[in-house]
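Following: one structure in structure tokens, then a few remarks.
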Amino acid sequence: MEALQKLLGQIKVPCANDNVYKEECVYSFDNPESETGLYVSLSSFLGFGQEYAKGYAEKSGNRVFLHLKRDKIEVAEPPQEGPEKKITRLAIGVEGGFNAADQKKYEYKEHYKVVVLPEGDSFPYPNQDLPLIVQNSVESVLNAEAASVKREREQLAGTWDGEVRQVSQHAQNLLQLENGKKIPPTGWKCERCELTNNLWLNLTDGSILCGRKFYDGSGGNDHALNHYQEVRYPLAVKLGTITSDGKGDVYSYQEDDMVEDPYLVKHLAHWGINVGQLEKTEKSMIELELDLNQKIGEWGILCESASNLKPIAGPGLTGMRNLGNSCYLNSVMQVMFTVPDFVKRFVDGGKDFFDTYPADPANDFNIQMAKLGTGLCSGKYSVLSANSMDTIDSSSGIAPTMFKALIGKGHPDFSTKHQQDAQEFFLHLVNTLQKHSRNQTDPADALKFSIEDRVECCSSGKVMYNRRDDWCLPLQIPLNLATNIAEVKKYEEDLALAEKEGRRLDPEALVRPKIPLSSCLDTFAQPETVEQFYSTAINAKTTAKKTTKLATMPDFLMLHLKKFTLKEDWTSVKLDVAIDIPEILDLETLRGTGKQPHEEELPELVGKAPTPPPMDPAVMEQLMAMGFPPEACKRAIFFTKNSGAETATQWIMEHIADADFATPFVPPGTDTGKSGGAAAAFVPDPMGLEMLMGMGFTDAQATKALKETQNNTERAVDWIFSHPDELDSIAFGEAAGESVEPAAAATSSASQYRDGPGKYKLVAFISHMGTSSQVGHYVCHILKDGQWVIFNDNKVAISQNPPKELGYLYLYQRI
């Protein structure tokens, strides 16, 4: 107790604004349930596993800790009667893409003690002999909201759980007949047949009729649908799905979709139904859809549902728990930590980061990357599931809570708990790595390559070469080059006929267009016609031909198959195609050659660039009102020659997947960058620059902020306050008289590229299941020691049938 008395001056009581890390170590994934428990500093309220607690005490001088140990005890449950419960929701927010009904239940026993490190003196708690300040501190830590819970609460605002439905246009003024019918609480039966399940109550006339027949023969006899076709009463609710809080499956025949009925309680009361007494007994339509498709189709193929998967554990085989739509992050990070450069910096070099013991490790990017990488690669947290891949053991794998909070901080998409696009997250990770690689090797350089754009003036034959950096090769999918067009056309005809007749095709009858990857690569390299190109050779507008190739070949090449597109109603949709993916890929035919001896360069633009024609402000306003980026709108108006909103909209639809879609628009041919060099220098918005400099920032700092936010002044202000380290480095460089360009704005010098032979082997791929990037689930397959392994959130197993043809992102390694 004497040692503790000497340290009372450093003990604090946490207040509401303090973050208390009592759920997990800030350096590892140890927690109170780990064998050695968790040590929470009573000075900084940071949590440490035993491996790091002593080092932190010695480095910081904060030596008093609350030790938390939680014993997890399984609670035996009585045998379940009746049929086994099935999954009930899509993969939104849960491991593996669905809810499992067989999760075990536990009770917990907590153990506390106050510990002084590095000596190891300990005092049990509760303990009335402890000084009052210690008791108050411990009690406040125990009662405080954990930092992870605080972040979770902030992120939950507006979270979507996968069952978003539109309010029916018929709900508010629904006609309900006064025909004397009262619906009993039980004993329901179809009025036209003997079926007692899959029954629907028409909310207008109170009829109880069976639902549609499913492809496998189950379901009903279509009597509810036939009744609608006779009487045109639009809304029906599925009996057995109604819950005591007034929710249930409501279908609108006229709107042909599941809908929301906010007046369902009132509509049911009309028929004598008291929802407070109801209990859900029937499967919802979401559950039935899952039941039908769980073993069939894209979901089953990508998760390998039909295979008897053998779980596997060990170093590099650690799963990641789903934190609520974090499967996109899980898949990308699993793949990234198979790249040696990531392992070298953040795993092999992790100790160097940890030994600094910064004041705020939870918000230190290098610390959190090292924590995640070490957790994935060490095998310390790799736990085999109890039975199979269908069993979710919430204790297996690691939860990337701190990393997700940090990597998504301040980002409008990745800071939420909504589903996101894995490719967009990959590029966000690359950008973040650049910002934190000043004076350090950037591991993303292993994936960095240079793209060569060759532009030939069709009037003079003279050429211009430009280069740009990329970390992911985007490939359009040429549906017209499918090798089974006849079979696809026949399937589409059968599908249209089935929809017309109100029936469903067997999902096993699905025919996907089959397209060789070579066709996607050929499409990438095809010459593109550039209209309204300003040729400095003739000082006039003409037509040019643009060809794109790879100037360098990286150590690891990420291919992005552009499966997500927009429908005519502006909603996102995914192309359901099968791509023939080779294990070995030779890209030498795509290698750029640079300017050839016989080619003559276009002369550099002399003087001021020609003024582009005025853009119709009404069309510009109309396009921006649709939600398109301003620079894309400028492109559309320019290339359609101010011919109106309709043609500009059509241009946008055709070019929405272009790599430069939203980048600052420069009329073709007027780029003042040198031929063969980098793109033209960034020009900051004058008004934005003036405003930021008026806030006290230098010209270089303000320019950097505007560049990082594409000249969005409001976002630039936020960027400034969230990147103080980069601003300090700019200020330091200015004070030293240097021309400072932070690491985030990498140049295109050849020395930054790891060029080599263009022959590759497939080592990983990320797959998406679902109809658009905003819904569904991601899994990844990684080649480990010659065998494919599937990583489905926290479940890891030897892959039996890796579905290479259905991937979204593919990682190839140079051989």
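Glycine residues also receive a Cβ, built from the backbone N, Cα and C atoms like all the rest.
Just so you know, TrEMBL annotations never went through curation; they're auto-generated.
The feature domain 'UBP-type' is assigned by TrEMBL to 166-275. Sequence annotations record features per position, and here TrEMBL assigns Zn(2+) binding site to Cys190, Cys193, Cys210, His223. Sequence annotations record features per position, and here TrEMBL assigns domain 'USP' to 318-815. Taken from TrEMBL, the feature active site, nucleophile covers Cys327. If you look up TrEMBL, you'll see 614-655, 683-723 marked as domain 'UBA'. The active site, proton acceptor annotation in TrEMBL covers His777.
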Quick one, of the recorded positions Cys190, Cys193, Cys210, Cys327, which Cβ has the fewest other Cβ within 10 Å? Cys193
So what's the mean pLDDT when you look at the domain 'UBP-type' (166-275)? 88
Within the domain 'UBP-type' (166-275), count helix residues (DSSP H, G, I), strand residues (E, B) and coil residues, in that order. 16 helix, 21 strand, 73 coil
Mind checking how the domain 'UBA' (683-723) divides into helix, strand and coil residues in DSSP? 29 helix, 0 strand, 12 coil
Most Cβ neighbours inside 10 Å, all chains, among the recorded positions His223, His777: His777
Chain-mates of Cys190, Cys193, Cys210, His223 with C-beta within 8 Å of site centroid, Zn(2+): Glu191, Arg192, Glu194, Leu195, Leu199, Leu209, Gly220, Asn221, Ala224
Euclidean distance between Cα atoms of Cys327 (active site, nucleophile) and Cys193 (Zn(2+) binding site), Å: 45
Tally of residues which DSSP labels helix, strand or coil - the domain 'UBA' (614-655): 30 helix, 0 strand, 12 coil
Distance between the residue listed as 'active site, nucleophile' and the residue listed as 'active site, proton acceptor' at the Cα atoms, whole Å? 6
Measuring Cα to Cα, how many angstrom lie between Cys210 (Zn(2+) binding site) and His777 (active site, proton acceptor)? 32
C-alpha of Cys190 (Zn(2+) binding site) to C-alpha of the residue listed as 'active site, proton acceptor': distance in Å? 37
Could you state the whole-number distance in Å separating the C-alpha atoms of His777 (active site, proton acceptor) and His223 (Zn(2+) binding site)? 35
